[in-house]
Amino acid sequence: MPFGLQTMYHYSSRVVPMLNWIVKYKKSYLLGDCIAGLTIGTILLPQGMSYAVVAGLPPIYGLYCTMPMIIYSLFGTSKHLSVGPVALVSLLLANSFPSGSTTVEKVFVANAVTFLVGFILLGLGLLRLGFIIHFVSHPVISGFTSAAAITIALTQISTCFGYEIESSEFAWKLVYETFRNISQTNVATLLFSLSCLLIMFGLRHLPLHRWLHLPEWIPQTLIGSIAPLFASILSISLNYFLNLSVKFGIEEVGHIPSGIPAPALPKLSNLALSSYIGPTFAMVALVIAESMSIASALALRYRYRIHANQELVALGTSNIIGSIFHSYVMAGSFSRSAVNAHTGANTQLASIVASLIILLSILVLMPLFTHLPKCVLSCIVIMAVSNLVDYQEAVYLWRVDRLDLIVLLIAFVSTLGSGSLYGLLSSVAVSLMMMLYATYRPKIQILPKSVTQRKVMNDLVSSTNLSLNETCMEPSILCLRVSENLYFGNAGSFQSKIFRLLDKERRVRCIDMILIDIGGMSTIDSSALRLVRSVKEHLESQHVELVFCQASSNIHLKFCLAGLSSHSTLRSLEDVLTEIHCSKQTSDRNERKQMEMLQVQVVTNGQVMESYGSRQVSSSFHPLQFLYHDENKVVPIHSNMKRSTSAPSFSNLSHIPFWRRCD
């Protein structure tokens, strides 16, 4: 391939990832992609109509997802992600409609909101902001998803009982309305719904694969996946031949139009955008969270890479084009994506096959769904969302991290109590608060200065252990390690921890230097630099030197610009300690030589009590105060000391055995 064409292909494949796999497509992939596509199409046919009912739209609008599926196949990087209508987004969309809205008004709002969601997703992808998904923790997503799934199920229970209640986003209100109207129950509809639920439950969980001796190429997951389609076909047949809707009052879906309406741009000018800002951003967050989590999990399991920013571009483009073709907000589906992978999908060709199945159904099969009982769609929704209630996560967090369990419960309760929109916003707020709390208290470790001790105790030392420095080679040095970044939010906590550790250490020994290893710090902002300088000046006023070591080049540059750098900043902790120890040994030898020229006498009431040294020195008397250590006693003695004018200064008498000056 010529260089120019190769360069063009390289950049084109980055914009349209489909070019990467279509030129490498193998014949062996075709069977798996076709089986997976047929499976997803049969699942999406009843499921899409059910989710459209959850969204407050006519059932056919759940099937207008064919164009978004094809668009995602062009731009997406995940091999297995199946996009389309999903339960949680449908609930958020239903709650965004003004009360009393007609079907036409709901369709108009749904198209406009879908366009806005796609536009925001596309903008986030082009701005390379795919990392924002990592700011929402898994316990928060699990708590919100579980509560939203329960809310969705509650919206469908009344239909299974044969009556309708006022729609609401509050779980407690749905429960109240369901029991308040319980007297309107249609027994035939209730029995039909229970039978439908039992059939789908049995197909999903009973070992039919073993009982029926099915071939190995038909997995158990495939049997469970086609349960909604089987229940729909069986229900349509029974209702059509037994005329159940007329005899027992079981309500039907009614007329479903065939074909796809002409494309049309959403009319944003007629939409009060300020009323939909909250729901729009909530749906954006949910689309990102749901799509990226399942795409990442499948990529990890099947050992390939996805690109978060390109995924946002693909999802955004799919929703923008989808709004033109009358689709509502699309996202990656947990259940359909998992089935897509399990049934042998190798590329996004499976999604193209599924979209063709849906398109064929819209053109040909819609008259058959006229006799589908409404309660069957509600049963399909209930079975679909039952997998979203993640009680196992709560059990896991109870054993592992109960603080995360509290976060999960906060997200769960807030979503049930305040609705899906405010529940999602409060869940994200809780996640951000937990992230800030984790960074607010930087971890500061007390390190043993012995190299052997440090290798053994590395990263196992807590900042409250004060006994580790007792065996250090230089007892006057406090060695610390800061392995986190400092910024305006945690700089105050850093300052208070340094002062608190210094006060604790001073209770057991003298400290004249604090040596901090900042090798694990990758960045520091101006506020933290200003506070570190304040700490350094405060410690110097207490005759304690603050020294940093093992800094990265970036941190060293910032320290230099802030006037905090020294010759030790780039050096390792071992090198700095070795230099200090060697310097101390040299100083001690010099002091011992000087002390040979001295005789120190302690005089009390004119009598010499103790004497050290080898030479008599005559000088004037200078009153000083000493502590005389006599075995286990410390006795204060007010004394005078004779000293020669040529003798060196007694600025550091702590090196004389059993003596310490009290300044």
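Heads up, the Cβ atoms here are built off N, Cα and C, so glycines get one too.
Some features that TrEMBL has for this protein:
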TRANSMEM  81-97  transmembrane segment
TRANSMEM  109-131  transmembrane segment
TRANSMEM  185-203  transmembrane segment
TRANSMEM  223-242  transmembrane segment
TRANSMEM  276-300  transmembrane segment
TRANSMEM  312-329  transmembrane segment
TRANSMEM  349-369  transmembrane segment
TRANSMEM  405-438  transmembrane segment
DOMAIN    475-587  domain 'STAS'
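Looking at which of 109-131, 223-242, 405-438 has the most CB pairs under 8 Å to the transmembrane segment (81-97), the answer is the stretch 405-438. Of the Cβ pairs linking the transmembrane segment (312-329) with the transmembrane segment (276-300) and spaced 6 or more residues apart, 3 or more are under 8 Å, so the two regions touch. When Cβ distances are compared across the two stretches, the transmembrane segment (109-131) makes contact with the transmembrane segment (276-300), since 3 or more pairs at least 6 residues apart fall below 8 angstroms. Within its own chain, the transmembrane segment (349-369) is flanked in space by residues 25, 29-30, 32-34, 36-38, 40-42, 44-45, 48-49, 59-60, 63-67, 69-70, 72-73, 80, 82-83, 232, 236, 253, 256-260, 340, which lie at least six positions past its ends and keep a Cβ under 8 Å from the stretch. Sequence-distant contacts of the transmembrane segment (185-203) (same chain, at least 6 residues past either end, Cβ-Cβ under 8 Å): 160-163, 223-224, 226-228, 230-231, 234-235, 244, 248-251, 373, 375-376, 378-380, 382-383. Mapped onto DSSP classes, the domain 'STAS' (475-587) shows 56 helix, 18 strand, 39 coil.
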